[in-house]
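Got a structure for you, written out below as structure tokens; questions coming shortly.
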Ligand code: TYD
Ligand code: MG
């Protein structure tokens, strides 16, 4: 009798070894190698869907690049403009797209909404997590359950899934989630590295050979990476991350990798009682409406991906009740906050070391654009001095260690967005003004070189 073959897989990075080891040689994590059966004792089914199937009969010949005829692939546009944008202009036929996100963030909702929203094509939503009734209930909640071209299948075996796919012949497939699938080619449990890899490989083959787009949902581990190995990210064409604060209603869909478009695109959604709604003008929701200006608030003209948006930074500085002051920030890097506080203390003599500093980015967004630094500093000083800043002024600049205001990218886009939203003025770095035609804009552009300049003009 043939012996079954097994190997050891690192559960964190997917590295494969033939022997057990205490430490993974690739990612250096301890105790992550787990034995998994990779091949069953019985002979394999020579199916075209299996990765171990007979080698492809198609023999490709090398071709001179200028002889290759290229036709623009026809992309499938969904009614959801945010989704199209993140994908780089619609769904590419035959693409395999992975959607990662924390539990409860709305991946299933987004995918079901996608499957239901395109009645002109046949869609198949395959769930290994919920029952048909549960999915139907969700569809009713989304008020779209009348699409006669959307099929639901609750199944976890890939072999059965492919049988059903032959019956239904869908033009678009959603798998929710890859961690629940199992292939009979592999003996290990669903969700294990080799199982996830095999199922993805089968789906990849299917997508490429039939030119059907396949969306797979993937869970995220505690440290934020997509569970199952990194190899999954290499196998698929596009990786989208669905993120947001579960206590807030806003969700961001971000392209992390995209073979068919830019990887810095992003879509914003609002989770409502009846599903996800596109937010086409994010600036309007990220700024709170107020009658009179309050201290500790500054508005930054920032970029998320390629998209400019105005966002409100809120700070609260108060005398510390305890010996060690608290520093806490939501949506902004705490290390960077500490650095900015040190700059303010050392270079400008603000006595912040005995004060608590709380920082919040409105709307539950996480901002990584360095151009928000200037608004962070202004919000902090405005709160400490208890002097409000006019909310009709925006800020865009990065702060250096000596308190200088550094240039940021795509300044024209930021200025144009501020102008569009009716701001009267925008503070930018002096080093950003080269080649900038200030007369073109109907908004006052205020170039500043150091924090000192800006404090003088704002707080006197
Ligand atoms: P879900 O799509 O199940 O998340 P995931 O698949 O990523 O685990 O969505 C979970 C949350 O979304 C759930 O807490 C309820 C909420 N929700 C709404 O607020 N409105 C809706 O219309 C739906 C369907 C869900
Ligand atoms: Mg789900």
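Every residue gets a Cβ built from N, Cα and C, even glycine.
Where the annotation comes from TrEMBL, it is an automatic prediction and has not been curated.
Taken from TrEMBL, the feature domain 'RecA family profile 1' applies to 72-220. TrEMBL lists 101, 102, 103, 104, 105, 106, 107, 108 with the feature ATP binding site. Under the heading motif 'RadA KNRFG motif', TrEMBL lists 257-261. Taken from TrEMBL, the feature region 'Lon-protease-like' covers 356-460.
Map the listed features onto the structure and describe their local environment.
DSSP assignment over the domain 'RecA family profile 1' (72-220) gives 60 helix, 32 strand, 57 coil.
Around the Cβ of residue 101 (ATP binding site), a 10 Å sphere holds 23 further Cβ atoms from the protein chains shown.
With DSSP classes pooled into helix, strand and coil, the tally for the motif 'RadA KNRFG motif' (257-261) is 0 helix, 2 strand, 3 coil.
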Select one residue from 103, 104, 106: among these binding-site residues, choose the one with the most other Cβ atoms within 10 Å of its Cβ.
106
Can you work out which residues elsewhere in the same chain, 6+ from the ends of the motif 'RadA KNRFG motif' (257-261), have a Cβ less than 8 Å from its Cβ atoms?
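Beyond its ends, the motif 'RadA KNRFG motif' (257-261) has Cβ neighbours at 87-89, 92, 95, 233, 236-239.
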Given the binding-site residues 102, 105, 107, 108, which one's Cβ is surrounded by the fewest other Cβ atoms within 10 Å?
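Counting other Cβ atoms within 10 Å of each of the binding-site residues 102, 105, 107, 108, the minimum falls on 102.
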Near ligand 2, meaning Cβ under 6 Å from any of its atoms: which of the binding-site residues 102, 103, 108 fit that description?
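List returned for ligand 2: 108.
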Which residues, same chain and not among 101, 102, 103, 104, 105, 106, 107, 108, have a CB within 8 angstroms of the centroid of the CB atoms at the recorded ATP site?
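Once 101, 102, 103, 104, 105, 106, 107, 108 are set aside, the remaining close residues are 242.
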